[in-house]
Structure formats: C-alpha cells, structure tokens
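A quick write-up on the structure given underneath.
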Ligand SMILES: CC(=O)[C@@H](O)[C@H](O)COP(=O)(O)O
Ligand SMILES: NCC(=O)COP(=O)(O)O
C-alpha cells in the first residue's frame, strides 16, 4: 500500500554542531546550516538533543524553533528532561530514540516491545501537545505492532544495519537487511502508520530505500555534513534529493511496466 505525497528529505544537522563543539565556539552554526538546507530544498530539519549534549545543545533547539521555518523533528530519549524541553518548544515532530552515553552513534532501534509501559505516557503527553510522535525502531514486525498499539502515528525504520553491510562490501547481508526494511515498510503502511527511514544513508545506499513506495520521509545527516566538506551543503543536499527522486520515479516506472 503506498501513501500519497512526495518523499520528504529531513536533514539532520547534528554533526555541524559536532564540528562547532570541537573548539567550543559558535562556528559552524547549526542554525545557519538549517537555513542553507532549507534553501537547498530540504523538507525538514532533524536535530538530536542528546542527554550528554555532545553536539546539538539546548540553545540550538531554541534557535531552530524560533528562526527556521521548516518543520523541526526533535530526536530525543524518552526522559522527563527531554519531555519537558519538547513540551516547552513544541516542535513539529518528536522522534523517540534510544540513547546510551557510551555509544558513538545510535546503535539500534528503540525496543518499544520491551519498554512499552515506560513509553506510553511519553507518547500520549507529546501527542496531547500536538507534536507528531515517531518511534525510531528496527525493521521488525513485533516492534511495528507494538508501535501501532502504543498509538504512535509514525515509525522511523533504522537503516543502519543495511548501510553498514553495504559499506563493508557484504552485498548479500546488505540485500537481506534491505529486504527486512522493505517488509517492515509494507507492514507499517498496512497497519496505517506513516513510515520514515534513516541512519547511515549515503549516495550509494539511499536509492533502494527511497524506491520503497511506503516510505514517506528520509532523515539523513552524517553523510551529508561530511559530503558538504568537499562539495558544499547545497550541492550535497541537491544530489541526495535528485537520487531520491530518481529512485522513486524508477520504482514507480517499474510498478507501472
Ligand atoms: C536516531 C539516529 O539514527 C540519528 O538521527 C541520531 O541522531 C544518531 O545519533 P548521532 O547524530 O549522535 O550520531
Ligand atoms: N534518524 C536518522 C537521522 O536523523 C540521520 O541519521 P544519520 O544520517 O546522521 O546517520
């Protein structure tokens, strides 16, 4: 089952803040990057306010909500502290993600099946505040079923295992992980959920995920910010956008033929 509307690109600006924080100054400014992403055609901005503030800080979130017109997707752990911040800023969306202080980046999806009791009040508080709630989960039917039961309108499928396999040259494993994502996207849409995807996506890996008709939004950050060092943020975003559109059109063509 496909869902109407174009495939949106959310640009995650976390790692602009990583570079800024390396020296503790104000440059490069993540809000300026968000503005540039908007000018380059991004449909939304994603920012992950981590408990340890290793990159995006509280002031970045304040400025993003005040200065950027694009919808803000605030990634956050399900904690009292983050809930208070989300309710104060009321971003367009909040994506609940797992966090471990010792991780270098998000290692897996939120285990909503194991944590559904703790998660339920956070989901209802965010929904009551009019914030679109998304759950960042592994492409797994049990996780999808529990996400649905928890009343989250959106799931974001973790594409990290697929991307990591592809980058390691393990084509068979990458294909298997991609098949999991495709099946999960289909199941999510069948259950009436809006399906997003993200983590680790790059020029080489975005196509097959963008081609999935049930996927309505891709959130991409680390690769784009890295690519921006060489070709500029505008060019990196525009190339990613073109690859997404090409893949989606190709898939549509394949379906029509
Ligand atoms: C949830 C996810 O996959 C990313 O958006 C997340 O922000 C990764 O964490 P870092 O940005 O700290 O790598
Ligand atoms: N939720 C995924 C995201 O926002 C960006 O992840 P990445 O592209 O920085 O790995």
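From the backbone N, Cα and C atoms, a Cβ is placed for every residue, glycine too.
Curation plays no part in TrEMBL annotations; they are all automatic predictions.
TrEMBL annotates 14, 15, 50, 55 as 1-deoxy-D-xylulose 5-phosphate-binding residues; of 105, 159, 205, the candidate listed for that same site is 105.
Note: the CA-CA distance between residue 199 (active site, proton donor) and residue 222 (3-amino-2-oxopropyl phosphate binding site) rounds to 8 Å. Within 10 Å of residue 221 (3-amino-2-oxopropyl phosphate binding site), judged by CA to CA distance, lie the following binding-site residues from the set 14, 15, 55, 105: 14, 15. Only 222, in sequence order, out of the binding-site residues 15, 50, 222 have a CB under 6 Å from ligand 2. Taking each of the recorded positions 23, 48, 50, 222 in turn and counting other Cβ atoms within 10 Å of its Cβ gives the largest count for 48. Comparing residue 14 (1-deoxy-D-xylulose 5-phosphate binding site) with residue 48 (active site, proton acceptor), their Cα atoms are 6 Å apart once rounded.
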